[in-house]
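Colleague: I'd like to ask some things about the structure below.
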């Protein structure tokens, strides 16, 4: 990774010519240990002891960087390969009368280059700071809010000049650990604006990188592995019917991006009737879930599964907590407060309309329910979207009273007396508040749950225990949404870039930078807002009652870059 830095002052032809040679290198003196990377052997710069040899591939390297407690193997793959091939290898050894060995062909490298690459690999193997399974990297900015996956970078050679600092997503394929260019025979060049500042970039890098830390060698691989998801195309699931929230339908997985699923309802032939949600969304379930808890379900016109279609295994879905319904429990008619599923900026008066199995409840919003209950919504009793009566008053949140209710300000005691109802006991609600770390003003990427195909630039504007008020940048406050801190629809800055999902820019930026036609397409439709959405749902009563039925409660058993690079370091602001 380092040979390009001397391209301005020194000839590197000897290095390039040697790379085309297939000659074996004579064995090095015992006083000068070696490290092998990608079939190439490099000397370890200071020649200290503590080296080890991989018993599987023959690689020689720093002992502390080897895998397992016994330090017998250079990697997990070698350890597993040795285990699976040990019997075969021992048989061959006995037949040949000698232990199995692996003689590696190596290429001679320029001495200074070899030392640099070897030292870089050693530092990479010692780097253990980035360990999260999602490959997240946190850097504090001056205003003390965290930007996940992003790092503030400065090219080596700019010293104290922060004018060229830039933010970069370190999980993208163009980011590599120190030593990557050298291992791949690629030039590493300084930015043109500072090439004149140094005549010997090799020596400069040796000085700068001594004792420095870098990304692990397998960092990119780990990131890619974290982007593999169990849901596959043509898997069948049950998902909420977007035209009738009270029931579910069978849908097929059509596309998977970053764990987000594009589902197409099974009876839709052209794929236009789709629905986006995350694979851990509470809106999707395994086939047979509706039958198991007694939830309303729309039968599909498709008589049998087509080739390639398979029911998604139950273990792929988000799990809910087990609850004990034998004692005091929710009952039909109990009152509570709930986030309106058709207007997520509002918390409204709600009623338990039906108690299902496994802790699930059908909830209706008082004053705006459809006569047939088509807008009832299924919440689990542990859902962070339902609250006991008085929650909004205690936390100074505006509570939306039933439509047409004139006795304002709203008081729960009077309302319960007038309706002859009781409030659901407080002890039945979820009281857990995780240490989520969110703070007002933090930026993130969030799904617009009213149009779930859109992921938008957003800001956390308020926090109430585990509840977050999400504001979509550039839009009016009426489009804000209440979202749980552990919602699978909230993502760190840079998530869309990492996964390839389209990020919707703030409305102000979109209108200023994009053509009018594009701006119009990116605007959020208001047809999903509150009463307007409910009117639209009522107009879509195209499905006859014979196509819909309610299961009795039971169990499911009843049924690439340009080849060059630059070196930069991560700057952490105080």
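Yeah, the Cβs are placed from backbone N, Cα and C, and that goes for glycine too.
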Colleague: For the annotation region 'Disordered' in TrEMBL, which listed range does it cover: 492-512, 513-533?
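Modeller: In TrEMBL, the region 'Disordered' feature sits at 513-533.
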Colleague: Please find, within the list 1-30, 31-60, the residue stretch that TrEMBL describes as region 'Disordered'.
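Modeller: Comparing 1-30, 31-60 with TrEMBL, region 'Disordered' matches 1-30.
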Colleague: Take the repeat 'MBT' (297-402) and count its residues per DSSP category (helix H/G/I, strand E/B, coil), listing them in that order.
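Modeller: Its residues fall into 10 helix, 37 strand, 59 coil.
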Colleague: Please work out which recorded stretch in 150-191, 199-295, 297-402 has the most C-beta pairs separated by under 8 angstroms from the repeat 'MBT' (410-506)?
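Modeller: Answer is 297-402, with the largest number of Cβ pairs below 8 Å.
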